[in-house]
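Now, the feature entries from Swiss-Prot:
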- 9-24: disulfide bond (DISULFID)
- 12-51: disulfide bond (DISULFID)
- 14-22: disulfide bond (DISULFID)
- 31-38: disulfide bond (DISULFID)
- 40-48: disulfide bond (DISULFID)
């Protein structure tokens, strides 16, 4: 389905770098199986939000 756009990790953390980098803190320390990469939002504080195949 279209879950890939929202699928991410159990816990996502954004670094304080500029631009912020999304770090996946998962049981397996990887992103969701449907997801190759996550990005941080431009909000403050940044949040891991989007996932891409």
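The first residue you see is number 1, and the count goes up from there.
Cβ atoms are placed via backbone N, Cα and C, with glycine included.
The structure, with features from Swiss-Prot marked on it.
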| residue | record | DSSP class |
| --- | --- | --- |
| 12 | disulfide bond | strand |
| 22 | disulfide bond | strand |
| 38 | disulfide bond | strand |
| 48 | disulfide bond | strand |
Measure from the Cβ of residue 14 (disulfide bond) and count the other Cβ atoms within 10 Å, all protein chains considered.
20
Residue 38 (disulfide bond) and residue 48 (disulfide bond), distance between Cα atoms, whole Å
7
How many Å separate the Cα atoms of residue 22 (disulfide bond) and residue 12 (disulfide bond)?
7
Long-range neighbours only, meaning 6 or more apart in sequence with Cβ under 8 Å: which ones does residue 40 (disulfide bond) have?
14, 19, 20, 21, 22, 46, 47, 48, 49
